[in-house]
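Features of the protein shown, as given by TrEMBL:
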- ASP69: active site, proton acceptor (ACT_SITE)
- ARG12: site 'Important for substrate specificity' (SITE)
- THR70: site 'Important for substrate specificity' (SITE)
- GLN152: site 'Important for substrate specificity' (SITE)
Amino acid sequence: MSHLILASASPRRAELLKQIGLDFTTRPADVDETPEPAESAEAYVERLAREKALAVAAEHPEALVIGSDTSVVLGGEILGKPVNRTDACATLARLSGEVHQVMTAVALAHRGQCRSCLVVTDVQFRKLGGDEINAYVASGEPMDKAGSYGIQGLGGIFVKELRGSYSAVVGLPLQQTAELLAQAGFPVWTNWPSSLESQE
Ligand SMILES: Cc1cn([C@H]2C[C@H](O)[C@@H](COP(=O)(O)OP(=O)(O)OP(=O)(O)O)O2)c(=O)[nH]c1=O
């Protein structure tokens, strides 16, 4: 396989990529995350994933580069990462008792080409109490996360129901990532260790 690069500073994305047995390096992509005027949440998330992959691919033309973006969307409005603790509390109060969408796009850039896909997951929160929101924000967990929560952490107790991809909510849709790699001629399973070999 060509050298694989994850164009991300997110520790969650790196963990997920390791989980499926891939060897890679990480190179955070520095892109402007301002939405275009009248841009839909779907178009925004996919554009950013592609821009992240292409920005890093421009500096590593031989590599396979994965870029990704995650946004939490409530009633069509993009709720990004909180700017401070007050903002995190306000976002969680809005998500309380409601269904929102977690939109994650993954893009794969290779030799000047870029393929991408968008995964939309519906997440239902139960009703949250004010003290509980304050305690959660005080833990610090929401601060670097879209929508001010992490389903894989303490925030897991807020989620009543999920319809879609759990790994996409955490930051990288594993099935779709593997599909993009397979389409580019690099099936993920060719990197898996063989326990039979290691026993010999
Ligand atoms: C909703 C949700 C988001 N998140 C995280 C995943 C992403 O790291 C982050 C969304 O922000 P992003 O801007 O998509 O990613 P990032 O800035 O962390 O990393 P990079 O742009 O370098 O790839 O929110 C969780 O960890 N758990 C969750 O349940």
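Cβ atoms are placed via backbone N, Cα and C, with glycine included.
Features recorded in TrEMBL, as mapped to the structure shown.
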residue : record                                     : DSSP class
ARG12   : site 'Important for substrate specificity' : helix
ASP69   : active site, proton acceptor               : strand
GLN152  : site 'Important for substrate specificity' : coil
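Checking each of the recorded positions (ASP69, THR70, GLN152) against ARG12 (site 'Important for substrate specificity'), the C-alpha distance stays within 10 Å for GLN152. Spatially close to GLN152 (site 'Important for substrate specificity') yet at least six residues away along the chain are ARG12, VAL170, judged by Cβ distances under 8 angstroms. Under 8 Å, Cβ to Cβ, and six or more positions away along its own chain, THR70 (site 'Important for substrate specificity') finds VAL45, VAL102, MET103, THR104, ALA146, ALA168, VAL169, GLY171. Sequence-distant contacts of ASP69 (active site, proton acceptor), defined as residues of its own chain at least six apart whose C-beta falls under 8 angstroms from its C-beta, comprise VAL45, GLU46, LEU48, ALA49, LYS52, THR104, ALA105.
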